[in-house]
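**Student:** Got a structure for you, questions after.
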Amino acid sequence: MCGIVGMIGQVGTKEILLKGLEKLEYRGYDSAGIALVGENVRTFKEVGRIQALRDIVPADAEGTIGIGHTRWATHGVPSVPNAHPHQSTTGRFTLVHNGVIENDEQLKATLDVPFLSETDTEVIVQLMEKHFVELGDVEAAFRKTLSDLHGSYAIAMIDSEDQERLYIGKNKSPLLVGLGDGTFNVVASDAMAMLQVTDQYLELHDGEIVILTREAATIKTLDGEVLERAPYTAEIDASDIEKGTYAHYMLKEMDEQPAVIRNIIQHYQNENGDIELTEGVRELVSEADRIYIVACGTSYNAGLVGKDILERIAGIPTEVHVSSEFGYNMPLLSEHPLFVFLSQSGETADSRAVLVEVKKRGYKALTMTNVPGSTLSREANETMLLHAGPEIAVASTKAYTAQIAVLAILAYDIARATGKELPFDLMPELARVATIMDSIMAQKELFEDLAERYLKTTPNTFFIGRGLDASVCLEGALKVKEISYIQAEGYPGGELKHGSIALIEDGTPVIALISQPKTNLNIRGNVKEVVARGANACIISMQGVEHENDDFILPHVEPLLAPLINVLPVQLMAYYAALARGCDVDKPRNLAKSVTVE
Ligand code: M6R
């Protein structure tokens, strides 16, 4: 999704901005641009990759103030006119914007200027110019402009006649100020973009602006009241966001899964080997009579697995909801609901909209996220971190397994507190899961072969399973769809005969996941049904429920934790299918890593 970088203060600003934009590439974008203030403002914009932008920025373009942007189209096609930065008619103000302005049409109607783009952003910079003419003061005009906007925005603006200030504003879209060494300061929508120059950041809240100079960052409200805030250290190791020797971030991140599970064990276990959660989290869950998991995409799929674990282990009724639906169609709630927001990034706008509504109604929320200090983390009552390290690939992999492991830890802690009988010892079993994950990842080439055999040329595929396996099938189908563009369905095996089996033809690949003893015979029956109609069935099973001719037999783990293991083959098959089909694995079309618009 859109990304922002900005800098005031240094020779070499251009390169820092371009490098920053490259660090934001993983978020997904379709065009990019930068503006540099030197003797005058020079703006460069291009459709496609940052490299294409680099190619058009002349070597002599420099400036000590600059802003940059990666755009993920919402209003208008990817094109040079629609790319940011946008400039006011006189050229005095230039800005970049993330988010969606909901009243852009109404505002446009009040302005008598030509609009050169289809974006909702251009109206902001034209409005700025109008207010500046009326008020004669840049900061006052900036504050007035932001007060007129309805919707979400993160904005960085430069004034061509002032080389001493950068103007920043935020509402419902992420934006951080990075503090330099006294000779420069920066701004970015994601700390990763500016880790190259600083690890000290100031968190911004909605409805705040910042006047950034080389030496200082002054935070103010839209009424002009000055606010004090201490910086924090971004605890991201810059090497974590490098690909190293891997061909793709997705491959690196799949490979990291055993280490992530070990990391989670270490963070949530005390020296006696007992699960240790904060008192805050324990208090929150102890008050709940029902859990509502709210999430999107892969996080939603992890939530489905979490529901089964929470209900079976902790005995607490749990519902799982897609954020974009839940926000507008809230079901009847129990008397003491606890909302659990699952989000790798902690910035997903659909989930955040629900959190705002939940808080308005006076309910409590727990966020499980991979990003400390993210919006969903800050705004919830409590946070449980995933400790998975930065996830860069658009296709989420290690966050999925991390979320399931952390949900299992929560379930076990609730069960312990309420005196429930525990079916197995969780932490040692998670440690075994990590070892088994290692062994699966060491056999990658087998899944490359399966992807070649079943997915390389097919236009469509089904993933089928029962119970927990059916939840993993949804994740398998999502992975295949998003990176290899194959039409894929994840289905409970028994449901196929109620309609979708009509799609099975000669050679349709059907990938069956079989790990649950209770439904082993049922799913095998479902496989026979599709094979009888011509399907090309690939069976991935687990020791204990295996048949001799299955395509791959996974080592046995406790059935409740099987999703942690059988998701690996489907992640790997999706990855190798995308490679075989010539797709751009880490930057799939139309997608963004962090979806910060509703
Ligand atoms: O950051 P989040 O976990 O809130 O993101 C939710 C989804 O956008 C995300 O899981 C998406 O579905 C992934 N690209 C799937 O691989």
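Just so you know, glycine gets a Cβ as well, placed from its N, Cα and C.
All TrEMBL annotations are machine predictions without curation.
Residues or ranges marked as active site, nucleophile in TrEMBL: CYS2. The feature active site, for Fru-6P isomerization activity is assigned by TrEMBL to LYS593. According to TrEMBL, the feature domain 'Glutamine amidotransferase type-2' maps to 2-215. The feature domain 'SIS' is assigned by TrEMBL to 281-420, 450-588.
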**Student:** With an 8 Å cut-off on Cβ-Cβ distance and a minimum sequence separation of at least 6, pull the same-chain contacts of CYS2 (active site, nucleophile), or say none.
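**Tutor:** Counting only residues 6 or more apart in sequence, the Cβ neighbours of CYS2 (active site, nucleophile) under 8 Å are ARG27, TYR29, HIS69, THR70, ARG71, TRP72, HIS84, HIS97, ASN98, GLY99, SER189, THR596.
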**Student:** Taking DSSP as the reference, which of helix, strand or coil describes the residue listed as 'active site, nucleophile'?
**Tutor:** coil
**Student:** Can you tell me how the residues of the domain 'SIS' (450-588) break down into helix, strand and coil by DSSP?
**Tutor:** 69 helix, 28 strand, 42 coil
**Student:** Grab the pLDDT values for the domain 'SIS' (450-588) and give me their mean, rounded.
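**Tutor:** 96, rounded to a whole number.
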**Student:** Looking only at the domain 'SIS' (281-420), how are its residues distributed among DSSP helix, strand and coil?
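**Tutor:** Its residues fall into 65 helix, 28 strand, 47 coil.
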